[in-house]
Amino acid sequence: MDFQSKKLINDPNDVVTEFIEGLIENYPGLQYLDGFPEVKVVLRADVSGAKYDKVAIISGGGSGHEPAHAGFVGEGMLTAAICGDVFASPNVDSILAGIRAVTGPMGCLLIVKNYTGDRLNFGLAAEQAKSEGYKVEMVIVGDDCALPPPRGIAGRRGLAGTLLVHKVAGAAAACGLPLADVAAEAKRASEMVGTMGVALSVCTLPGQVTSDRLGPGKMELGLGIHGEPGAAVADLQPVDVVVSHVLKEILSPETNYVPITRGSRVVLLINGLGATPLMELMIIAGKAVPELQLEHGLAVDRVYTGSFMTSLDMAGFSISVMKADQAILDRLDAPTKAPNWPVGAEGNRPPAKIPVPLPPSHSIKIEKTLSRPEKLSPQGHILETAIEAAATEVVNLRDNLNEWDNKVGDGDCGSTMFRGAVAILEDMKKYYPLNDPAETVNEIGASIGRVMGGTSGILYSIFCKAAYAKLKENAESVVTAIHWADALEAAIAAVSKYGGASAGYRTLLDALIPALSALKERLNAGDDPADAFIISAEAASAGAESTKHMQAQAGRSTYVPGDILASVPDPGAMAAAAWYRAAALAVKEKYNTA
């Protein structure tokens, strides 16, 4: 049965900012940008972007993996870490703030774990930074060895082996190498490492209940670091057996994920997932080293053991094996002041600090003030009704979405969508120019981008931006149903282009693509627009339900076994169908009462 977890926290919404405040009180070499709660960036206290004469190394991602990533900020490793909400990718503005704060003339390297949300947000931030004149390169790390190829568009997940890439890149940058050379060393290191994880328990997000997905006497093999189910569930075995299995999977010649053969020199990293005692981690290390030496014929040159990249309070571990040569060993042995790198760090408790101000944006934009019209036009009234109904439906669906997502993802789809819906309802009362549909859609995207993290946030921001651009092409004062259909089509195309998904991939598009098809068909047939939207909403609901029968090819569900997916619809598709249907029903009712 599920039960409320016990956490030593205050407000669950404040855990990341309070963690950062505690972190910088412990270590003298760290600071943070004064942008809470939207911007959560930890950076070296001795670095100022404009004056920094080395390549900046920037990484980050969702929180909940501490000490990663902020605990590895320090001379000789990361220059800055961008912290998202728990298990949610940081937003583009946070990443841009980090780039601007620490990047000098030598440029910066973004090291990104291979998750869709991280790729999208860091990728968009990189493009924006380049447009502002910064030199930016990005290396994506996918070191997961648990699942056989192919993995659809998602690819191999980024796991604890990413930390070894951080160290190699940080040491190369500290030597003063140019950006291209630092990026090349990081990319090479990323291709040399493989990782696999094992869990004895599931993790619990702050403020949520603990799941009983993994029963007594069971363990999960090949899981990620966001609480998603593993590749397989097995009976708990002695650690010798488990370690042997994990190493065989990493070094498997069938998958050939790492270029390690008998006689190779390797580095071993034993990583605790949050609730594994150091005693057990040392037992694992003690079994892994002779296994690598005797069974696989490898020379183990370095061993790092501890909890480096965790999954909140999950009991379990991951093993990373990296092929090493003298060049990589020299980078790993190079000095660093990153507080949680296993060789330790110098320094005492710092004095009280004043946060570093947020750097100014270099973007050129036309500043304009938007506000709600004093009097709404008939079109404005209908638009307000539709937005309110759609957002309210998402608010009411939060718990159901979280429940579905707990089974096929990281359990926060409902909470993420809820934050966006609440922001939309609040902002609509003050800022939305409801008599201008295009600008209103643009403002919805701005609301979403401000508060929604992870993949959902960036995808809906892209969705709104594309719809806005299409609506702006319309020179007429009134936006017709045909115009809305064209905007929906443009939005779907943009989400597919940048997210990589299409029909049948088990995503929100499996609700929206059928809706678009039905809408265009009925409008072309001459149906009343309100009726056409109702019919298209039914198609959206049917499409969302049909995701139960689809094998995921995008997002974290890619890593979930098919028998689990078959019992649960895609949460993102269900959310899209719900808000679309609520908006359609509200518009229909508005027309009937007009």
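Each residue's number is its place along the chain shown, starting with 1.
Even glycines carry a Cβ here, placed using N, Cα and C.
Because TrEMBL annotations are produced automatically, they should be read as predictions rather than curated entries.
On a predicted model such as this, the values are computed, not experimentally measured, just so you know.
Feature region 'Disordered', per TrEMBL, maps to range 339-358 of the set 199-218, 339-358, 439-458, 539-558. Listed in sequence order, the residues of the same chain lying 6 or more apart from K113 (substrate binding site) and placing their CB within less than 8 Å of its CB are G61, I140, V141, G142, R157, G158, L159, T162. Take the mean position of the Cβ atoms of G62, S63, G64, H65, K113, D118, the recorded substrate site; other residues of that chain with a Cβ within 8 Å of it are G60, G61, A68, H69, G84, F87, A88, S89, Y115, I225, H226. Mean pLDDT for the domain 'DhaL' (381-585) in this predicted model: 91. Taken over all pairs of the listed substrate-binding residues (G62, S63, G64, H65, K113, D118), the Cα spread reaches a maximum of 15 Å, rounded to the nearest whole number.
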